[in-house]
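Participant: This structure is in structure tokens; I'll ask about it shortly.
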Amino acid sequence: MSDRSPATENPWQQLRRLTPARIALGRAGASLPTAAHLAFQFAHAQARDAVHLPFEPAALQDGLRRRGLDGLLLRSAARDRDTYLQRPDLGRRLRPECATRLRDWHAEHGGGRDLAIVVADGLSALAVQRHALPLLDCLLERLPAEGWSLAPISLVEQGRVAVADEIGELLGARMTVILIGERPGLSSPDSLGLYFTFAPRVGLTDAARNCISNVRPEGLSYAMAAHKLLYLMREACRRRLSGVELKDEAEVARLDGAGSGPGNFLLGEG
């Protein structure tokens, strides 16, 4: 009996080291090899699990406290995960008691803040639990140089992107940034997205926001995401706008710790 695999390799197989995407899987007859088929099913299960994984805002709040930061635990108007998935509109608004809590905070502390940071589970609590604190570490160490005042960080359960608009408006913030779990993909169940808005208020559309996507070690690094976000924030303050009228033209010079990067595979480098 031959030890030779019945699977036929793909000539592009060397490219797989450059991407987690499903390329050059080979074939077994007219179908996929068994290993590739099982890996696909496993990745699909991971993506489904990421959507339904419970959010743990208290753990994030503890992490913020260890960093000397305040965290407010809030909930959207979606009462549970099933409602959240079926009624996106409810995930965009806070529960009335949570909105009242933010109004009271604003009345007690007076005046607005330059920046309100929101962390929400979105469609992948896994992404938030893995990447929110490391990303905040990179971002917050750069903020003092800008001289911006910071509102308490809001931790929102069952939140959608637009919930940051209401939070920013209630806190009187000039800018909002929401860190939220993106819809899981088959090679990325834990991608974190950042959405930035200048002059937030209820009723804004996606055209008023800037998005930085796929923040995770296997995608856009924390340092590069913070670098791009700070550029957008500076330009927004200067031009007093955000969204489609504000383009990401940040310098992309290599950051410390970014590594040497892959070479040109066509030339046999890297």
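Using N, Cα and C of the backbone, Cβ positions are placed for all residues, glycine too.
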Participant: Please state which member of Glu141, Glu146, Glu182 Swiss-Prot lists alongside Val161, Cys211 for binding adenosylcob(III)alamin.
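Facilitator: Answer, per Swiss-Prot (adenosylcob(III)alamin site with Val161, Cys211), from Glu141, Glu146, Glu182: Glu182.
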Participant: Look at the binding-site residues Val161, Cys211 and tell me which residue has the greatest number of other C-beta atoms within 10 angstroms of its C-beta.
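Facilitator: Answer by Cβ density within 10 Å: Val161.
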Participant: Give me the count of other Cβ atoms within 10 A of the Cβ belonging to Glu182 (adenosylcob(III)alamin binding site).
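Facilitator: Around the Cβ of Glu182 (adenosylcob(III)alamin binding site), 23 other Cβ atoms lie within 10 Å.
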Participant: What's the longest C-alpha separation between any two of Val161, Glu182, Cys211, the listed adenosylcob(III)alamin-binding residues, in angstrom?
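Facilitator: Max span of the adenosylcob(III)alamin binding residues, Cα based, is 11 Å.
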